[in-house]
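> The structure follows.
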Amino acid sequence: MGTQKVTPALIFAITVATIGSFQFGYNTGVINAPEKIIKEFINKTLTDKGNAPPSEVLLTSLWSLSVAIFSVGGMIGSFSVGLFVNRFGRRNSMLIVNLLAVTGGCFMGLCKVAKSVEMLILGRLIIGLFCGLCTGFVPMYIGEISPTALRGAFGTLNQLGIVVGILVAQIFGLEFILGSEELWPLLLGFTILPTILQSAALPFCPESPRFLLINRKEEENAKQILQRLWGTQDVSQDIQEMKDESARMSQEKQVTVLELFRVSSYRQPIIISIVLQLSQQLSGINAVFYYSTGIFKDAGVQEPIYATIGAGVVNTIFTVVSLFLVERAGRRTLHMIGLGGMAFCSTLMTVSLLLKDNYNGMSFVCIGAILVFVAFFEIGPGPIPWFIVAELFSQGPRPAAMAVAGCSNWTSNFLVGLLFPSAAHYLGAYVFIIFTGFLITFLAFTFFKVPETRGRTFEDITRAFEGQAHGADRSGKDGVMEVNSIEPAKETTTNV
């Protein structure tokens, strides 16, 4: 195999794709800062329409719906990934669904002018649909165009796009920027601008060569794209690997979601994929970010919004750190380090919140624990679950697997946002002990069940699961995953 380079064409394609990740992060974080102002908008709009102010229960319910409907849209969108990518391809799917982003952005941006709470909620639902689809499209596209030796590092860029989006939303949401009573619709409608930018750039990005060769049998086109993306003429080994996978696919019917659980060779990787997605959301990270302002306020911080932005900066910095570590330390190792560190910090958060009234220094301990908690999250549980799903499956079952994994992520995200306030109300500082328990459980699962995929081709990983499944079938019981014992594919030389 020839020497692979990180070419401008590859960087351009991945950067354009991660605009979708940015959109996910931005629309996740954008609703938090203007909470009070949007509640006032809902109150005034309903009062003007009904000649009487709404009840506190109705006001709170409509606000909660405005927040939660985003995750509902995400669940539906993530489960629909396969409908798009198998028919239109990876790149074209990203281009088509940008219509949803424009529509959702317009509804949110114009809701105040139209004096319509319904437009706000509908806009959040539509933008959720869009972001749910992006959580499947982006890591799949990046994984399929990246060289094997750099697949993990480039896969981390998906998470970097998300955290940069969250950080930008936090900064733009400051009252003196766009988080004011007059400008908050622009804050929500801003999502249209990156949509236009991505739509203009996507036609200059190539389609996934794996999709072209395996799904559409366009070998010559796929070969030319690989040569341009990887900066080498010798891509024969990669083309042969795709052709072998294509031959295997031609002997199988299209893989459905139900077959992921019925077929023994798919069952273990889909369970691993779901549990890794749960490890991201049930780690407590979104509870920290959703309610970080309140947590910092409880810890005694005078300007909690700036502390929240500080956590967002830490989030971004350590995602970049993970980018350089993932191909050296491996996915499995980093995921375990991240989970273990978060479990320790979660316990420390509980202790510091319990003691902050008795000891002045405990407020700073709590803030430090939150920042380190966020850092450990971005070392492993943040980026790894998104791209490792694409690595565990071959071309046939990959879209269905991405849909199931993405839906698991969005569903658990929704449940945390829904249940955390009640849990925090009844448990107080002890609420983070729940997340500590989850983190320890996920750490044990990762140690015993999750394979290392660093340096292995998609075909190599798939064969390992098939071998394990056949062994389990012969013995009549579930086999223990032995992928970690297989030698990685011979690493290619990659010039940066």
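Count begins at 1; order follows the chain as displayed.
Here the Cβ of each residue, glycine as well, is placed from N, Cα and C on the backbone.
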> Look at the D-glucose binding annotation in Swiss-Prot, where Q159, Q280, Q281, N286, N315, W386 are given, and name the residue from E303, E378 listed for that site too.
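Among the candidates, Swiss-Prot records only E378 at this D-glucose site.
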> Swiss-Prot annotates one residue of N43, N409 as N-linked glycosylation site; which residue is it?
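Among N43, N409, the one Swiss-Prot marks as N-linked glycosylation site is N43.
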> If you compare the topological domain names in Swiss-Prot, are G330 and M362 on one side of the membrane?
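Topo match: no.
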> Among 11-32, 119-142, 305-325, 364-389, 400-420, which stretch has the most Cβ pairs under 8 Å to the transmembrane segment (332-352)?
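Per the Cβ count, the answer is 364-389.
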> Ten-angstrom check, please: count other Cβ atoms within 10 Å of the Cβ of Q280 (D-glucose binding site), all chains counted.
25
> Would you mind listing, in sequence order, the residues at least six apart from Q281 (D-glucose binding site) in the same chain with a Cβ closer than 8 Å to its Cβ?
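Counting only residues 6 or more apart in sequence, the Cβ neighbours of Q281 (D-glucose binding site) under 8 Å are N409, S412, N413, V416.
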> I'd like to know which of the recorded positions N43, N286, N315 has the most other Cβ atoms within 10 Å of its Cβ.
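Ranked by Cβ atoms within 10 Å, first place goes to N315.
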> Near the transmembrane segment (270-290), which same-chain residues lie under 8 Å Cβ to Cβ, leaving out any that are not at least 6 residues past its ends?
29, 32, 166, 260-261, 308, 311, 335, 339, 342, 346, 370, 373-374, 377, 381-382, 384-385, 388-389, 392, 401, 404-406, 408-409, 412-413, 416-417, 420, 424, 431-432, 434-435, 438-439, 442, 445-446, 449-451
> For the topological domain 'Extracellular' (112-118), could you work out the same-chain residues 6 or more beyond its ends whose Cβ comes under 8 Å from its Cβ atoms?
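Contacts with the topological domain 'Extracellular' (112-118): 41-42, 45-46, 48-49, 62, 184-185.
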> Could you find out if DSSP has T232 (phosphothreonine) as helix, strand or coil?
coil
> Show, in sequence order, which residues other than Q159, Q280, Q281, N286, N315, E378, W386 on the same chain lie with their Cβ within 8 Å of the centre of the Cβ atoms of the D-glucose site.
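In sequence order, the nearby non-listed residues are I162, V163, I285, F377, P381, G382, P383, P385.
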